[in-house]
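Okay, so here's the structure we're looking at.
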Amino acid sequence: MLKYFGTDGVRGVANAGLTPEMAFKLGRDGGYVLTKDKKDGERAKVLVSRDTRISGQMLEYALISGLLSVGIEVLEVGVITTPGLSYLVRAQGADAGVQISASHNPVEDNGIKFFGSDGLKLSDAKEEEIEKLIDAPEDKLPRPSAEGLGTVTNYHEGASKYLQFIENTLPEELSGIKVVVDGANGAASALISRLFADMGVDFTTIATHPDGLNINDHVGATHTKKLQEEVVKQGAQLGLAFDGDADRCIAVDENGNEVDGDHIMYVIGSYLADHGRLKKDTIVTTVMSNLGFTKALERRGLKNIRTQVGDRYVSEEMRANGYNLGGEQSGHVIISDYHNTGDGMLTGLHLLYVMKDTGKSLSELLSDFKEYPQRLINVPVENKKDWKEHKRITEAIEKVEKELSDEGRIFVRPSGTQSLLRVMTEAPTQELADKYCEEVAKVVEEEMGSN
């Protein structure tokens with residue numbers, strides 16, 4: 001288990017757990033690890049970007065200082081989505097990229113996420129190498145002076161290049177369907193109107209006026225109530241919600257019902273399969289995907305492969321075995337024919353394209369998807385790493401597993417980014433899912449609760 005890196009980089013409360021001093025060390029040590037193999041005389045190039053949090057610039061300047069101190073040339077992208085940065089790293093032939101964002105987390109939090117030259121998140125081994133340098137008793141990294149120091153170049157035009165990339169993944173404009181888009185007051189806020197207008201979409205927006213403090217504030221992919229209300233109020237056929245860094249997309253159908261990542265993958269995957277484009281007739285998801293998703297795919301003759309939680313592991317499975325669609329229930333969807341990471345705006349537009357090309361509403365496209373009732377409880381804990389050592393917890397889980405048999409499941413895991421233990425159940429009825437989830441969550445709270 002890594003000390004600083006979670007499933008989505010290094011996160012913490014800005015200026016408390018994640019300080020400018022830490023950002024400087026991450027820039028210096030991370031930059032060195034990712035560029036140390038450059039040939040003598042070759043300058044390493046790293047792209048840096050952020051979301052709209054008030055703490056973003058504070059951490060950005062500290063991080064960039066660290067990168068400059070080991071002689072790295074920095075391209076400062078400004079505010080852009082995480083998948084936007086990932087794309088630009090590859091498009092620019094950069095050695096690495098760093099996004100400053102805490103995704104769907106509240107404004108108090110922030111994070112620092114590294115990408116390699118391939119635009120992908122780092123391996124555990126690379127992150128461990130960075131952590132060893134952070135904790136080293138003495139800083140022995142190079143300290144160039146004068147012409148050996150790095151410089152910063154403004155690269156705000158990168159946003160336009162990224163939007164052009166997304167537009168080129170679709171064969172035609174997307175007029176004829178009314179859409180409401182929720183930008184979460186995050187990184188996609190300034191991009192949505194440009195992209196959707198260019199694609200000919202009939203759209204309105206909410207939560208696209210960030211002020212540094214309102215990111216994810218009761219809006220976005222994890223708070224869809226306002227979007228659901230707007231879709232019904234405006235008589236729209238589709239709602240699309242992104243999170244703070246727009247690496248995920250949650251939809252809303254024409255009746256105001258939330259449509260999560262499982263449902264989105266089912267719609268896009270079914271369309272690809274119908275056109276002979278779903279590789280190996282398989283969709284890759286994590287263990288958190290609903291049982292109903294797997295059963296719906298089976299009825300269509302399609303397969304579902306599951307990985308541990310984290311879109312990084314979905315991506316690794318897809319690349320290792322040649323699959324082209326995967327993601328998470330939370331809305332990270334990877335369509336690898338176009339992009340190697342979850343991209344909320346790309347996903348949303350391709351979902352819209354399926355609706356237009358089939359002439360069907362979102363609810364019609366999902367008519368064969370029967371979801372198992374599910375319950376998720378996040379339990380704040382003191383130490384999320386040692387939960388398996390608590391006998392009462394493991395016994396409670398075993399009891400539920402025995403009673404549910406193959407008609408449901410229980411899944412317990414630590415959050416990759418917060419001090420939480422997540423307890424999730426699925427069962428034939430909501431009553432049973434609630435009952436079993438509450439039973440186990442109560443034991444977890446009694447054994448490990450932080451309150």
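Placed from the backbone N, Cα and C atoms, the Cβ positions cover glycine too.
What Swiss-Prot records for this protein:
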ACT_SITE  SER103  active site, phosphoserine intermediate
BINDING   SER103, ASP243, ASP245, ASP247  Mg(2+) binding site
MOD_RES   SER103  phosphoserine
Environment of SER103, ASP243, ASP245, ASP247, the listed Mg(2+) site - residues of the same chain whose CB lies within 8 A of the CB centroid: ASP51, THR81, THR82, SER101, HIS104, GLY186, ALA187, ALA221, PHE242, GLY244, ALA246, ARG248, GLY344
Neighbour count (Cβ, 10 Å) for ASP245 (Mg(2+) binding site): 35
Collapsed DSSP category at ASP245 (Mg(2+) binding site): coil
The residue listed as 'active site, phosphoserine intermediate': secondary structure state under DSSP, collapsed to three categories: coil
